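TrEMBL lists 1-61 with the feature region 'Disordered'. Here TrEMBL flags 15-28 as compositional bias 'Polar residues'. Annotation comment: TrEMBL describes 34-54 as compositional bias 'Basic and acidic residues'. What TrEMBL records for 68-90, 110-130, 137-155, 161-185, 197-222, 228-249, 270-299, 314-336, 343-364, 370-393, 405-425, 437-458 is transmembrane segment. Sequence annotations record features per position, and here TrEMBL assigns domain 'Major facilitator superfamily (MFS) profile' to 71-459.
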Amino acid sequence: MSTSTEGPKQDLADHSSSSTPGSQQTVFTIKLNGTEKEDKLNEKSSEKKPDKPLAENNEEFSPPDGGWGWVVMIASMVLILLTDGIAFSVGTIYPTIRDDFNSESTKASLISALINAFSLLTGPVASVLADSYGHRVVVISGSIISGVAFVAASFSPNIDVAILTYGFLAGTGFSLMYVSSVVVVGQYFERRRALAIGIASSGSGIGIFLISAITGALLNVISWRTVSLIEAALMILGILSGLTLHPLPKPKENKEKISKRKLLMKRLDITLFKMPAYNTICMVFILATIGCILPYMYIPDVAQELDIESERSAFLLSITGITNTVSRMLCGFVVYRFPILSPILLLAGICCIGGILSFFVFLFTSYLSLAIYAAIVGFVYAADAALTPLVLIEIVGYSRLNSSVGFMCMFRGFPILIAGPIGGYLRDVTGKYDATFFMAGSTLLVSALFCLITWFIIRMSKCKTYTLSKVKTETVTIS
């Protein structure tokens with residue numbers, strides 16, 4: 001830093017003595033990349049400028065990092081267990097619904113597609129509502145909406161009503177539950193954030209394993225309509241979990257009145273898309289979702305084409321649920337135990353492994369080899385979901401987590417809508433699932449590449465900030 005003195009060259013003591021008492025001013029001129037900025041500090045005034053609001057300086061806020069946060073973590077795990085468990089078990093129940101209404105498979109499969117897609121597509125709306133009314137209100141509202149949807153579905157007179165209620169309405173309720181369950185854990189933890197998020201997100205694998213198995217067993221003794229009523233009753237657990245989400249102290253808000261439109265834009269925070277790293281990580285979400293959802297959809301069919309019994313084929317999804325649970329907890333522990341490891345690089349490595357294996361599914365001709373592949377698919381899918389909040393915090397920061405998670409859910413919803421039909425089309429054209437799994441492997445590998453690009457952008461941004469802080473020069477003028 002270079003310092004120069006402008007004005008008449010005279011002794012500082014002489015200058016001070018010749019100045020009018022009480023009117024002394026100090027002017028700082030900071031030169032940065034050829035620009036100058038003058039900041040006049042009047043030494044006469046002893047008043048201090050008010051501190052910045054917490055919303056403008058989020059580093060001042062310190063999450064509880066424990067205490068009631070552990071209860072919130074368990075509540076989040078229950079919410080994820082319910083939403084993912086029921087959504088992924090629809091594949092077990094939809095054939096029964098199809099047969100009940102004598103519907104075509106393509107139309108009946110919309111139930112599974114819509115409940116999974118809309119639980120993600122409405123993510124931005126859920127994030128805005130959570131910002132406006134709090135996670136407790138949003139989770140309880142989502143649980144009630146989903147409960148009503150399952151009750152209405154049990155009385156469906158035709159397949160169209162079942163699609164509307166079990167698919168669209170229940171999926172919308174799940175979105176309100178899911179987005180808040182993902183975000184709220186990150187707000188209660190800081191040092192143990194990775195570990196807490198990993199434990200909470202493990203509810204997905206537990207739910208997929210338990211609810212899928214229980215649903216399959218129940219359908220052997222009762223109708224799908226009764227199962228739907230039982231799922232409605234489970235939403236009571238969602239309400240109870242929502243009640244535990246005590247709102248944290250809110251930052252001081254700006255007293256200036258702003259229009260509703262500006263408030264909505266602030267809540268939605270579309271300025272996230274001005275960040276190159278956020279745009280590239282969105283590509284990771286889209287591609288990784290395609291690469292993971294296709295194996296989930298078609299592994300049982302691949303097994304049946306190898307003349308493996310239907311029950312054993314269906315159990316492959318239960319295997320994904322087991323490794324799903326392990327992966328979420330393990331990823332959270334690894335990031336917590338080794339903070340020097342970037343979650344973006346960890347996600348890149350896991351997606352790369354899953355992508356390479358998907359290219360060689362045509363070589364997996366035994367049940368054991370398919371079971372191993374299913375286990376790895378569950379691990380990759382869970383790692384993608386578990387590391388998402390940590391990756392977003394690294395990119396956008398804590399204060400913008402709500403909006404970033406909402407958009408992330410939306411970008412994952414679109415691939416779920418299109419991946420299934422595309423995978424089925426490739427199967428119909430080629431007569432095999434090889435092309436479908438080639439597509440899954442390709443998207444996973446490209447998503448790993450975008451992870452590396454995102455990491456590089458973040459590193460370059462940090463290096464640029466550090467360099468700029470070193471090149472500034474300061475010129476002090478005393479007059």
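Cβ atoms are placed via backbone N, Cα and C, with glycine included.
Predicted automatically and left uncurated, TrEMBL annotations should be read as such.
Under the criterion of 3 or more C-beta pairs below 8 Å, with sequence separation of 6 or more, the transmembrane segment (228-249) and the transmembrane segment (161-185) qualify as touching. Contact between the transmembrane segment (161-185) and the transmembrane segment (314-336) is not supported, since fewer than 3 Cβ pairs fall under 8 Å when only residues 6 or more apart in sequence are counted. For the transmembrane segment (343-364), the partner stretch with the most Cβ pairs below 8 Å, chosen from 68-90, 137-155, 370-393, is 370-393. Outside the transmembrane segment (370-393) by six or more residues, the chain places 182-183, 185-186, 193-194, 197-198, 201-202, 204-205, 281, 285, 288-289, 291-293, 295-296, 299, 302-303, 306, 308, 316-317, 319-328, 331-332, 335, 343-344, 346-347, 350-351, 353-354, 357, 361, 364, 401, 404-405, 408, 444 with a CB less than 8 A from a CB of the stretch. The stretches the transmembrane segment (314-336) and the transmembrane segment (270-299) are in mutual contact, each linked to the other by at least three Cβ pairs under 8 Å (pairs 6 or more apart in sequence).
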